[in-house]
Amino acid sequence: MRLHESSSPFVCILVLSCFFLSVSLAQERAFFSGKLNDSETIVSSFRTFRFGFFSPVNSTSRYAGIWYNSVSVQTVIWVANKDKPINDSSGVISVSQDGNLVVTDGQRRVLWSTNVSTQASANSTVAELLDSGNLVLKEASSDAYLWESFKYPTDSWLPNMLVGTNARIGGGNVTITSWKSPSDPSPGSYTAALVLAAYPELFIMNNNNNNSTVWRSGPWNGQMFNGLPDVYAGVFLYRFIVNDDTNGSVTMSYANDSTLRYFYMDYRGSVIRRDWSETRRNWTVGLQVPATECDNYRRCGEFATCNPRKNPLCSCIRGFRPRNLIEWNNGNWSGGCTRRVPLQCERQNNNGSADGFLRLRRMKLPDFARRSEASEPECLRTCLQTCSCIAAAHGLGYGCMIWNGSLVDSQELSASGLDLYIRLAHSEIKTKDKRPILIGTILAGGIFVVAACVLLARRIVMKKRAKKKGRDAEQIFERVEALAGGNKGKLKELPLFEFQVLAAATNNFSLRNKLGQGGFGPVYKGKLQEGQEIAVKRLSRASGQGLEELVNEVVVISKLQHRNLVKLLGCCIAGEERMLVYEFMPKKSLDYYLFDSRRAKLLDWKTRFNIINGICRGLLYLHRDSRLRIIHRDLKASNILLDENLIPKISDFGLARIFPGNEDEANTRRVVGTYGYMAPEYAMGGLFSEKSDVFSLGVILLEIISGRRNSNSTLLAYVWSIWNEGEINSLVDPEIFDLLFEKEIHKCIHIGLLCVQEAANDRPSVSTVCSMLSSEIADIPEPKQPAFISRNNVPEAESSENSDLKDSINNVTITDVTGR
């Protein structure tokens, strides 16, 4: 149990100084020495915090607590009677006859007390709320505190709050414990604590499983925690100040104190840092851990590393093999790995070459390190001379770190982390030294063979090219017929454009005519001789997609006719050129407006609601009302085009799948799509269905309402948070909010949350969504938790788009294309 492992004599005080003003204690004081009834409160001197009775969201129970007074969202940071609520307004907070601060109900039963031994009386002690959020009990004639809430936190850490241990005076760990639910502040399932062993580390523990570790931060080096995910590597820019006084103390302070912020233990098991945004007038998430599946403690067992950017996540360290190969191959990695070749000192005959080290770069260091102040060469030398030593590391602020026994909870990081040296038998080290020579020899021979084959193939191709050109279109339509299983003759009615016609229409595919870039290739605006404007999608030879997607799109869209689907006018197949010709959408794509503060003003709420309805009708046609059942698989704001009347049209069917009438879902090993819009079952397991399109639809709904992009799933987490807090008006784009439409806007947010629920079976069908939008279904169920897919959680997948305007991570793309 982690809470009893601490051996440090220091007190660790976490100073998260995120307030704008520095004031004296005298200025912060807000006193009370009598009693507070249910309707009465006290406020700190600069009105930052308030103390009194409150009711949590969706609850009528009353609790005594402290909350932020200076923000518009109810934010409780400390609760007194957390597991003994009062069911009416009869509660009283008072200083009792023995000088303690107590909370009593209408029958004068004591529900909570500071419970300190004091010689003071009720008349000589006062309660004081400081502007730091600390509630203190003290003698009126002295500045010495008898009791303070900062030493007894509930679920939140504030600036100057004690979060460590004080071994010299026999103190235990100071922890924060989650609420049971957003409406119930009684102790929940998770606890967080800063444990002081060889190095300070933050831990999250599961109270329902013998305080087992859920997550650890990695060791602190004086600047940051080693094991934070890369996206948060710079969040903990604190500095430790060690004061070697009679009590011993360790403090942390922010490098940036210009933002109001605090940490809290979420009831689902995450430690979250919340930062106040004056612009949004709401809290934003500055940090949330665990952040990836690899953050789960011991995810891969012993002697293995976890990499959230790889599939599978876990791999044995070189020189080790799975302990149970069958379980390992089935994705159960908890058994970990075991050493292949014993170390020199472990062999019966310990002669021969000495052991060496394998260097693993940018690692979250394993748990249970021992500390030494040796230099790096001396650190490694000491490890080799100690039979029990299996790994070592050295870094600024860490000194020499040594591991004995086993290595657990290692993770490969892409930017932060520290080099870890794994001790291996000499034969394991030699294996790697020979590998480059072998690879080089194979490559040299391979290059020669490939070159010869290319020359031969080129001569054959040149001879056959003339014969091939006449059959290009025929071959394409044969593939179309095979895929569609339909009427080849009807597909051939699709107009074929000459290459020269499209080249002339697009000004020879000039950059000035380029509208955007997709996985298929570039998209150009064109104008035919008769004056009709068109959009031309040209297959890029460098595209990771291409011919298969072109054929797929012809199959799908040639059979569809709906006012909310983009219209295919024809195609061009000439030599190596493959192009699709669409009607031109003059208003570009939906994302062109939503995520630009100036252009967003052009879409008022009525327009946005009509766009939502149009998208739903188009998707309903694909799923249920057309002759085929089609799953789009790449529904997103940039694939919603707008005509001159701002009528939405779903586009880009290159990734769509046609479903047989008797199937509801399918599985693929080739996960394609756009990060932020992919349903969890599809992103993580390749399983797609109508409900995966519904998830994408829900993301689009929330983006339309908020005007914010779902980057790294932060939008879903944010919406869920404010939904639970009853502050959903803060989500709505200020450009569209109108009290006249408030009920309709709230309904759309509600529907959006239903669409992005984690379990596919919980999501409504598109037909149900349409009925809810039209008020045919009045009783809308409460949503369950959305799927928060961390970017690093998504296995390597193929992107549906490639653009100069993108941030591409793990081949799952965040697109920023202006439309067709």
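Even glycines carry a Cβ here, placed using N, Cα and C.
Ranges compared are 454-471, 598-615, 616-633, 706-723, and Swiss-Prot records region 'CaM-binding' for 598-615. Noted from Swiss-Prot: of Asn58, Asn210, the annotation N-linked glycosylation site belongs to Asn58. Between Cys294 and the candidates Cys306, Cys314, Swiss-Prot annotates a single disulfide bond, the one to Cys306.
For Cys400, the disulfide partner recorded in Swiss-Prot among Cys379, Cys383, Cys387, Cys389 is Cys379.
For the residues Asn332, Asn811, the entry in Swiss-Prot flags N-linked glycosylation site at a single position: Asn332. In the disulfide annotation of Swiss-Prot, Cys389 is paired with Cys383 out of the candidates Cys383, Cys387. On a Cα basis, Cys389 (disulfide bond) lies 25 Å away from Cys294 (disulfide bond). Closest to Asn115 (N-linked glycosylation site) in space, going by CA atoms and restricting to the recorded positions Asn282, Asn332, Cys389, is Asn282. Residues of the domain 'Bulb-type lectin' (27-150) grouped by DSSP class, helix first, strand second and coil last, total 4 helix, 52 strand, 68 coil. Helix first, then strand, then coil: DSSP counts for the domain 'PAN' (345-425) stand at 12 helix, 36 strand, 33 coil.
If you compare Cα positions, Asn332 (N-linked glycosylation site) sits closest to Cys300 out of the recorded positions Asn211, Cys300, Cys379.
All protein chains included, Cys383 (disulfide bond) registers 25 other Cβ atoms within 10 Å of its own Cβ. With DSSP states grouped into helix (H, G, I), strand (E, B) and coil, the domain 'EGF-like' (290-326) comes out at 5 helix, 10 strand, 22 coil.
The local packing around Asn211 (N-linked glycosylation site), expressed as other Cβ atoms within 10 Å of its Cβ over all shown chains, amounts to 17. Here the CA atom of Asn87 (N-linked glycosylation site) lies 59 Å from the CA atom of Cys389 (disulfide bond).
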